[in-house]
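S.K.: Questions regarding the structure given below will be posed in turn.
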Amino acid sequence: MITKPPVIAIDGPSGVGKGTLCKELSKKLQWYALNSGIIYRALAIAALHNQVDISAEEALIPLVSHLINLNFTPHEKEIKVILAGKDISMKIHDQQVSDVASRVALFPRLRQKMLSVQHSFRVFPGLVAEGRDMGTIVFPDACVKIFLDANAKARTHRRMLQLQDNGVSVNFNQLLSQIEERDERDLHRSISPLITTDDALIIDSTNMSIQKVIEIALHYTRIQLAKA
Ligand code: DC
């Protein structure tokens, strides 16, 4: 019997370490990885590049077709992102792009259109997908669901180190308020808000190293996969 490729869904707020966990699990299992935030960020870049009004859902929807040409490949530190043949890796984490991505992500019809882009990543032997609504909306039948959490200060600290590692200097308080602002939008939007569900393992990583998070998630994943 041919079933759909299995999915591990990882959800959580921005800067919590979902990307690292997703990369590590996909490496260990030799499965594909989907960082869904990059899809929203690529759409934001396309909107900015084409000077599309980001408050107009109808104007943004045609841009989803640009994402057919979106490719991302693991890179040493960051993911290399190519949109329509252009390397947009350097822009993907810009503050303006982060802000626009979380604003365009509020539109219900746009999110609906983004589903097929995300579903196209579901291929054998399996997919590790991370975002805000992986286990609830995009892959509700995922065989493993993990909700990774940490308080805003811990996430700001991690994001700051990551940015510094990439040569970007930032102010802690400024970054904290940007993260809190994005949390507010991601948590309280009417469509696909970031929520925990009963079938997800919740890991609060506020006082935990990423190595420990990976260890817990991998152990849980192996148990769930053995049951599936
Ligand atoms: O994970 P990230 O910070 O790179 O995501 C950028 C924005 O994209 C985030 O603020 C909200 C949006 N997003 C979303 O709405 N749903 C997802 N599954 C992933 C990201």
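Including glycine, each Cβ sits where the backbone N, Cα and C put it.
Quantities reported herein were computed from a predicted structural model and do not represent experimental measurements.
According to TrEMBL, the ATP binding site annotation covers GLY12, PRO13, SER14, GLY15, VAL16, GLY17, LYS18, GLY19, THR20. The domain 'Cytidylate kinase' annotation in TrEMBL covers 8-221.
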S.K.: Those binding-site residues, GLY12, SER14, THR20: which ones have a Cβ sitting under 6 Å from ligand 1?
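M.R.: Near ligand 1, sequence order: SER14.
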S.K.: What kind of secondary structure is VAL16 (ATP binding site) part of, going by DSSP in three states?
M.R.: coil
S.K.: Could you tell me which of these binding-site residues, SER14, THR20, has the greatest number of Cβ atoms within 10 Å of its own Cβ?
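M.R.: Output for this query is SER14.
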S.K.: For the recorded ATP site, whose residues are GLY12, PRO13, SER14, GLY15, VAL16, GLY17, LYS18, GLY19, THR20, find every other residue on that chain with a C-beta no more than 8 angstroms from the centre of their C-beta atoms, and list them by sequence position.
M.R.: LEU21, GLU130, LEU148, ALA150, ARG155, ARG158
S.K.: What mean pLDDT does the predicted model reach across the domain 'Cytidylate kinase' (8-221)?
M.R.: 92
S.K.: Write out the long-range same-chain contacts of LYS18 (ATP binding site), meaning residues 6 or more apart in sequence whose Cβ is under 8 Å from its Cβ.
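M.R.: Same-chain residues close to LYS18 (ATP binding site) (Cβ under 8 Å, separated by 6 or more) are ILE10, ASP11, GLY12, GLU130, GLY131, LEU148.
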S.K.: What count of other C-beta atoms do you get within 10 angstroms of the C-beta of VAL16 (ATP binding site), across all chains shown?
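M.R.: Within a 10 Å radius of the Cβ of VAL16 (ATP binding site) lie 27 other Cβ atoms.
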S.K.: Other than its own, how many Cβ atoms are within 10 Å of the Cβ belonging to GLY12 (ATP binding site)?
M.R.: 26
